[in-house]
Structures are given as structure tokens and as C-alpha cells.
Amino acid sequence: MRKVFDEMPEKDPVSWNTLVFGYAEKGRHQEALGVLREMWVDGCKPNSFTLSSVLPIFAKCSDVRRGMEVHGFATRNGFVDDVFVGSSLIDMYANCTRTDYSVKVFDNLPCRDAILWNSMLAGCAQNGSVEEALRIFRRMLHSGIRPLPRTFSSLIPACGNVASLLLGKQLHAYVIFGGFDGNMFISSSLIDMYCKCGNVSIARHIFDRMQSPDTVSWTAMIMGHALHGPAREALLLFDRMELGNVKPNHITFLAVLTACSHAGLVDEGRKYFNRMSDHYGIVPSLEHYGALADILGRAGELEEAYNFISKMQIKPTASVWCTLLRACKVHKNTVLAEKVAKKIFELEPRSMGSHVILSNTYSCSGRWNEAAHLRRSMRKKGMKKEPACSWIELKNKRHVFVAHDKSHPWYERIIDALNVFSEQMARQGYVPNTEDVFQDLEEEQKSGVLCGHSEKLAMVFGILNTPPGTTVRVMKNLRICVDCHTVTKFLSKIAEREIVMRDANRFHHFKDRNCSCGDFW
């Protein structure tokens, strides 16, 4: 292509643009930019086609500074109102995580077609700006633009990623109203969204209504059951999937292994791990190795897990070893924890999470001096522990609670209510479990520390601010501790509520003093 171009006696904008576009399409970005500079030196002025060919290059490499330079050129030369240039600018800024600029470009365009609206929606959604995306979606409807299937395929997963059930339900209503509920891709997105937002029953209802679920739909539903508790149901679904001649993929097997991990199904986990490669020819990835290591570790098969990771076909990463380190903490195996931590620190010397887990392992074993020494070392290195926080959505507002943070205006009322609940729980046999208080304190002081855990604050706030019988949904950034898990079981009975809690590992559904995890998490 370049040789033909160089042999041309005269080069017009079309030939220059063709060369720029050809390099860009092949992913040869530096050469495309080089041609653009040649074009400028040659005295041939770039046009809207040139700019809309070049901007995706900056989008792919997230070079917002150079993208802004092209934006400035477009503004000075009257191209900023061009729909193709505008669309490319929106995508470029969105890929550079500057959706605020995308919105400004979008708002200044005189004409907006369905493609532009969808580009703007997708840009906001992929950057987690779900409420902004929904605001644009409503403007789109008011402008008389009919949504496309890809509109919902962008928005619905975004609601799942931020666990916004209310916004997800609003979109589901639009899907039904617009007649898109028969679309397989949208149905799969809805299943995934409801599972991530803690309502697996609605997800299953949508799944059961699908006439011919594809691999994506089956996988989403299997993973939903794996994360929410009924692990056996996840495995039954997998069996049904195979009987229906739907071929599972690597993500399907990851979902199945997750189900085995959350239910302590060691033999089944080994079976499915081997079946993946032996029967389907799927080469295990790091995620699959990590999942089987997690299965073994949770079940207390620590030495087997260590040997399994050591003999992996792929070089184990720090995250895979960290899976075993967490299991060592749970099972209080300090000797192996030190051995595993050494391997992690060789790979990632500043792995904050691993330092914290090892310190907590020392504390669990009563080795307070080692724990204190490790924490001092972390402080010297400038390493700060991620604070535990929980949040709850009520009336379109997100309330965030940090452990022992008294800044929330409802804090005193929450503590008063928690004290009342504590008295009721004590009469029913509740005894505080202080094993997750990693400080050398008296038992009474440890019990006081437990009261300030973020999930307790969020949960009681939800109970106080919702009508009787309403399901309370709480999200947490870390793993729920043993005492909070026990307290939530008691509260579900006392308050006569279903309480759904999503922690860093899975969902817990509490009802009538029982949990869907079967106390294995």
C-alpha cells in the first residue's frame, strides 16, 4: 500500500486519508501518525475523515493529551460539529476515563443520531458512571430516539458492576416496555445483573423463561448459584447444560469450580478441573488453578494445595499463592503461612493484602510480637491497610459506613439500636466471637471493637430505615468476619427480615437465623 502511494505523482486528501486509515486499521499506530505528520508538511490539510481515523489511535493507547491536541485542531478548523469527529472524540475521552469531556463534546453536537447516543451511554457505563448513563438514556427517550439492543447491553452490566439493584430494575422495566425481553443477549445481561445485585431468584425466573439459553446464559446462571449459596443447584445446572448439548467454555468451568469451592466439594472440584481438559480440551488458566487451590485450601487440605500450586503448568502468581495464605489464616497454620508469604513477597514485595493476612495469622495464633513487628515494618514502608467499609442503597442514595466511623448522622441511633439487639441476642444464646479481633486486648474490649464493624452499622441502619419485612441488602469491600456473620443470623430472626450481604468472596442470604453459605465461606 505504501509503495503504491509513494509512486503516485499527485497525492490528494483521499489518498492521504486512505493511507492513514489503512495503517490505523492494521494497528500500526505510529506509522499512521507519521503519515499524518507527512500530510501536514506536504501542505494537505486533514479533514473530518482524517481526524475520525486518527482519534481511535489515542483511544486505544489512552493518550488523552494528544487526543486533546486533535480536539483543539478540530475546534479551530470547524470540524467539531461533524458527527464522525464528535463520535470519535466521545469514544477517545471515554477510553481515557474522561467521561466529563465526553459529555461536553456530546452536549455541543448539533445533531445526535442513535449511534452517537449509544456511544455516549457505553462510554459512561464502561467507566462506572451509571447514573450519568441513565440520565443520558432518559434524555435519549425524550428526544424520540428508540433504544437499540446494544443500549441495554451497555447499561445493564454496568448496574451489575456497581450492584445497583434499583437502577437495574428500572432498566428491566424499559426492556419489557420496549419489547426487548426476548433478546437473548439482553436476557443474559439481566441474569448477570440480578445475580450481581443479590437477587438470584429473579435471575432464575428470567433464565427459566428462555427457550434456548446459550453458553453465556448458562454460565451466568451457574455463576449466580455458585455465588449465592445453592452450590448443588449450580452443578445440576451444569449437568443440564451438557445434556442439552450446549458446550461449556473456560468461564463456565470457572463458575463450576467456584461452586465447589463455596460448598467444600473437594472431590467434585478435582473431577471438574480434570474434565475441563480431558473432555473439552480447555487448557486451564491461572484462574482455574487458583480456583482449585482455593477448594483445597478452604477444605483444610493445605499441604496438597501447596504441592498443587508448586507443580502448576503455569508459573503461579502472587494472587494464586495469596489464596493459600488466606486458607492458612483460617486454619491457623502459621508455619505454612510464613512459607507461602515468603513466595508472595518475592513476587510482590509490597503486597499489602498479604502482609495483613500474615499479620492476622500471627494474631490468631497468639503470636502478638510477630504481628506487631510486621505491622511496624508495614508502616515504615508506607503501606496502609485498606479500611473496611460497607454500604447500603436506600431511596436512590448510597450510605457508606467505615468501621468505627462516627461521622454518619445516624451513628448514635444505630449504636443504641445495636445495643438493644445485643441484649435480645444474648438472651437467645449469642456469645461474641472475638477471633477476628487482631489486637492484644481484654475480651470485654474486643467485644467493644466488634460493635463498630461496618457491616453491622450498615445492616442496622437498613433495618431502622425500611418498612417491616423489607429485604435489607448490604455490600462490603472485605470478607465478612465470623462474629458479624453470627450477629446477622440472629438479627434476621429477631427483626424478621431477609438480609442479603455481599462481601469480597460471595453473597450471604440470611433468614430465620440461617445463612445460604451453610457457615462455610
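Each residue, glycine too, has its Cβ placed from N, Cα and C.
Annotations in TrEMBL come from automatic prediction, not curation.
Keep in mind the model is a prediction, meaning the values are calculated, not measured.
The domain 'DYW' annotation in TrEMBL covers 429-521.
Annotated repeat 'PPR' per TrEMBL: 12-46 (among others), in sequence order. Helix, strand and coil counts under DSSP for the repeat 'PPR' (12-46) come to 26 helix, 0 strand, 9 coil.
Residue counts for the repeat 'PPR' (113-147) under DSSP, helix first, then strand, then coil, are 26 helix, 0 strand, 9 coil. The repeat 'PPR' feature in TrEMBL is assigned to 113-147 (among others).
Residues 149, 152-153, 156-157, 159-161, 163-165, 168, 172, 175, 220-221, 223-225, 227-228, 246, 473, 500, 502, 507 of the same chain lie 6 or more positions beyond the ends of the repeat 'PPR' (183-213) yet place their CB under 8 Å from a CB of it. Under the heading repeat 'PPR', TrEMBL lists 183-213 (among others).
TrEMBL lists 214-248 (among others) with the feature repeat 'PPR'. Listed by sequence, the residues of this chain that lie at least six past the ends of the repeat 'PPR' (214-248) yet keep a Cβ under 8 A from its Cβ atoms are 184-185, 187-188, 191-192, 194-195, 198, 200, 203-204, 207, 254-256, 258-260, 262-263, 265, 268, 280, 506-509, 515-518.
Within the model, the repeat 'PPR' (12-46) carries an average pLDDT of 72. Sequence-distant neighbours of the repeat 'PPR' (113-147) (same chain, 6+ residues past either end, Cβ-Cβ under 8 Å): 83, 86-87, 90-91, 93-95, 97, 99, 102-103, 106, 154-155, 157-159, 161-162, 164, 167, 170-171, 174, 178, 180.
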